[in-house]
Amino acid sequence: MYATQPYLELRERLSQIWINRYTLLLMLCMVKILLFTSSLRFSLNNSKVHVLEECSNIEHYYNILRNGTPHYMGKMGNYLVAHALEATVESLLALLTSLATVVEVVAHFMIELWLGTYACLLFSAAHGAVEVATNVTEKVIGVANKTLIAAANELDNGLDGLSKVLNKIIETGTKVSHLFKDDDEEHASPEGQFKKINLTIASLRTVKIPESVNDKLRSLAEKTPDFEDVKNKTKGLVSIPFQTLKNEINGINATSMLKNRKLMSVPPIDMGDAADGVCSANRDGIESVYRNLNSALIYSLVATAVSLAIVALLCLIPAAWHEYRQWERLSALRDHERTVDCKDPFADTHSSASASTASSTRCDVIQNYQGVFHRAPTLIGEWVARHTAHTQEGALRIQWLLAYVLSPRALVPLALGLAGVLVCGCQFLIIHALRIQLASTSTRDSLQRLETDTAGLVAHDLSRWADSTNAYINGTEASVNAGLLGWVTTATTALNTTVAALLADIDSTVDRAFADTPLHRPMVTVVSCVIGNKLRAIEAGLTWTHDHVRIALPRIHTARLRDAVAEPDLPTHPAYTAVLQSLSDRLRHSVDRVLHQCCAAVRIELYVSLALLGLWILQTPLGLAMLLFKSHCRRRNLRRRVP
């Protein structure tokens, strides 16, 4: 009954039903739920610690939201109000300057309309008379000089022959006189008299009316007073008070006219301690919430674990029944094989030797089944027994022990344990790689940039807001100028075109009527005095109106707005400085805490895998204990049989 076989019998099989696949699956589910619960508790504890530790920061940001928003809105509003008032004063000063310019131009126009017209006509008449006289005198002098020179030339040519005859007579008389007179009487000779008459006739060729008369007339024409001189002098006298007024207006500083911006109230930022804030005042309530969550988590874990344990115990019943049915079938097969009489047709049926030989060569069917369907454990057991056992009984014990340790049920925790150890090793490698990356230079640089980019992001957002607001102001200004003042541009452009065409027509008409005549310039002057100057003044006024009549709305300057909102003299709060300085440390600590949590979870998984390996290793002492128990029972039975 207690003989050792190289395979497992029913009791030995039933000793391993607790490591069936269903029980192991439920045990793994329990471990998974335990890991999940542990992770959840760790997360809740981290959340609790984080919330309680960051109460001061929460209160700080809450104070910024509660008190900082009115503060910065007040500063921005004060800047916008001051900027709007400054722009209003500048617009008013520009309007006063424009009004002074308009009044000055109107005064110039009235002077030119009433006084300038008569003065222009008077001086134009004088200038025209002088110019006509100058032109006539030039022509008369030219004709007279030309005629006198021609007559002198003809007279000189007629007397040329007489001069030659007289010269010969004079030469003859000179020679005769030298014979009868001495040298002292030479000057009273007829020769000298004839020479003087000849000289007076020759000088007629150079007689002409002097051109200095034309020069004097031209000088008189150039010295004739001009309308432009009088007009410019009059405008200069009239412009003096207006220019003084405009200089005084331009010298006014719009900013200095405004009151000090510090007089406008700005709500202060409460940078005090946050001990009496919302978070700190409800610290007990926060802890109570986390205690309730942990209690609910523990109750859920206990209920789930008990339920799974009960189901795992219930799974032992079908496993035991399956092993029992399997053993019954194997036993029936073995009994059937033993009862079959396999006789040799050539052997002696009455020979006892033949029966003894058949009995000794008969094999165990269960052992054959074990060798066929569990080949690896059988071969390993036979190989180990062949190299270590010295007796048949020892070989059977070794084969049985290896069959027990390497049974299909015992191999399940072995496979799960080895797979778990491999997976845990891979997870530890991944966590180690993440820790190396966390401590790398690139991560530190990224965290430092995260700390220093806050001011840049705020400035960028403020610049984007200013740009969008200025774009809206530009569109509104263009719409107002086009909708309300567009008719001014259209009207001034049309009137300027009409005035320019009228001036061109007047000039062309005067040119056609008086071109190449002495009256051309006087008529041009008269027309300019009566009509042209007025039209040109109107054209200049329309051009000025076209260029200056428009609405210019004030723009928002990003740099000024940033300077107005910023507070360089505000004392830095230690809590705020600590928040900025510890930002990278808190991020690094948070990531390291997550990695630590993952490492703890992987460590638990490794312990579970090692526990599964321990379950498989536990089969060895259990098998040895069962072998010892069977040997003890066999020896006790032998002692009972001995009389």
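Backbone N, Cα and C atoms are what each Cβ position is placed from, and that goes for glycine too.
Residues or ranges marked as N-linked glycosylation site in Swiss-Prot (evidence: sequence analysis): Asn135, Asn145, Asn198, Asn232, Asn253, Asn474, Asn496. The topological domain 'Extracellular' annotation in Swiss-Prot covers 1-16, 126-296, 432-608. If you look up Swiss-Prot, you'll see 38-104, 318-410, 630-643 marked as topological domain 'Cytoplasmic'. Residues or ranges marked as transmembrane segment by Swiss-Prot: 17-37, 105-125, 297-317, 411-431, 609-629.
With Asn496 (N-linked glycosylation site) as the anchor, the candidate glycosylation sites are Asn232, Asn253, Asn474, and the one with the nearest CA is Asn232. The most densely surrounded of the glycosylation sites Asn232, Asn253, Asn496, judged by C-beta neighbours within 10 angstroms, is Asn496. Secondary structure at Asn474 (N-linked glycosylation site), as computed by DSSP, is helix. When pLDDT is averaged over the topological domain 'Cytoplasmic' (630-643), the result is 64.
If you take the Cα of Asn253 (N-linked glycosylation site) and the Cα of Asn474 (N-linked glycosylation site), they are about 26 angstrom apart, rounded to a whole number.
Cα separation, Asn474 (N-linked glycosylation site) to Asn232 (N-linked glycosylation site), rounded: 41 Å.
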